[in-house]
């Protein structure tokens, strides 16, 4: 058994690594304000990617330092880790980010030991943190009362959150915000003498936007509040909208968006605040939305094992067309799919396992523009065999035997990704009304365009590779063929040399590995002729190679597009 002093020193070194990670995380996040004020959009993209990769970098550094600092016979003695865990708990008890430090400890442990060594005695499978914290702390929100003057209250809010760059048209912004506030809330609310607006003290930054997040409440009711702010380069700051609809605010925090940059000294308190105004959001998703995606993964896992322990739910194959590269299963009562790489791919697929892993990891670091589902990667999941429907387990063992193994009463899944479950677009269209079909196809085209403008080409754009969220948004979720748009060679189909060319089974022109012919999209994407014609009327430019080349030129010139995670009331330039 490791001596108490040695256990305490190992725990201290683990926490020092966490402090180093948190400091670098804070510095990157803190720079978001200056990047917004200076309209440094490409720098913002680089900072976002750097912050995502920071966690694994710092875990690796800490692991190497531990291995260099301690005798391996002591450090790698798994029986000693309950004592190390106890020493660590004592160290993190006074912290404001204690729940994150538990996840950090877990990452270090998993970097030193195989998953066979995982237990609640050696790791924080279940949190030891109290639901209610007793820390004394500074207020995390600011409160405002209109006292009959809504415009004056809104002006005070905007002035309290002013930037080094002035507002472009403050009177116009105030008029717009007041109008939207009165239009979206019941008449009596704006006249209620108890009306209060509470705004989180830190501004949230993402891509080209900044957001004030809070709530509006009376004695009996509350509404979420989001005020998006834009920086029009050369013009100033614009308060673009005032949003109180829960579904719309929820979309701003969607699993399809990049992570916010926001200074949160007490993460649990901010997440609790978000949970109060967005009760439909899971804690895991909220932690991920503000950049703590590893802790989001911890919260997801805890929710999953709790669901399995307390329900009769059993794993089944996910609905939809079977994939050529991935196999997908799900729990009907748990809004998630589990994706495994098959042992053998369809012959028409030119990717390999390493390519697929690379593509899925790429999605984590790029701007998803609200059109790609976030993923979490897991290794060595263990589930009770009784939790699988026999048909599901049989199919998994058939198509992914190197990944799925039955060990007695347990099923070992060596590697998988989790994603939010959505309705596959092809299945959605089968049961949709005429209006729903039109709206879905319009959003499908917008999804492709917005991904392309963010330098992402989906590769396989078949309807089955897109899903429809509970808010009706179309989202791409099959990443094995994605690439950067600038890597693709878009071409027009050359005219046939002879009339017989058009009847031949093989093309009369050469095709390179990165060549894409948009004129071929209609027959590949739509078997339904009505849908094919409708999509052509909505997004016909997607069939033109010159459209794609124009996007490539804009990207190479360093242009960063505006993609708004909310409905804009009017177009304001």
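Note that Cβ sites are derived from N, Cα and C of the backbone, with glycine treated the same way.
Lifted from Swiss-Prot, the feature list:
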type	residues	note
BINDING	318, 319, 320, 321, 322, 323, 324, 339	ATP binding site
ACT_SITE	374	active site
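The Cβ of residue 323 (ATP binding site) has 21 neighbouring Cβ atoms from other residues within 10 Å, across all protein chains displayed.
Per-site Cβ counts within 10 Å over the binding-site residues 319, 320 peak at 320. Minimal Cβ crowding within 10 Å, among the recorded positions 318, 321, 324, 339, 374, is found at 321. Here the CA atom of residue 374 (active site) lies 21 Å from the CA atom of residue 321 (ATP binding site). According to DSSP, residue 324 (ATP binding site) is assigned to coil rather than to any helix or strand.
In the three-state DSSP classification, residue 339 (ATP binding site) falls within a strand. Distance from the CA of residue 374 (active site) to the CA of residue 318 (ATP binding site) is 18 Å.
In this structure the alpha carbons, written CA, of residue 322 (ATP binding site) and the residue listed as 'active site' are 21 Å apart. Cα of the residue listed as 'active site' to Cα of residue 319 (ATP binding site): a distance of 20 Å.
Cβ neighbour count for residue 322 (ATP binding site): 14 (other Cβ atoms within 10 Å of its Cβ, all protein chains included).
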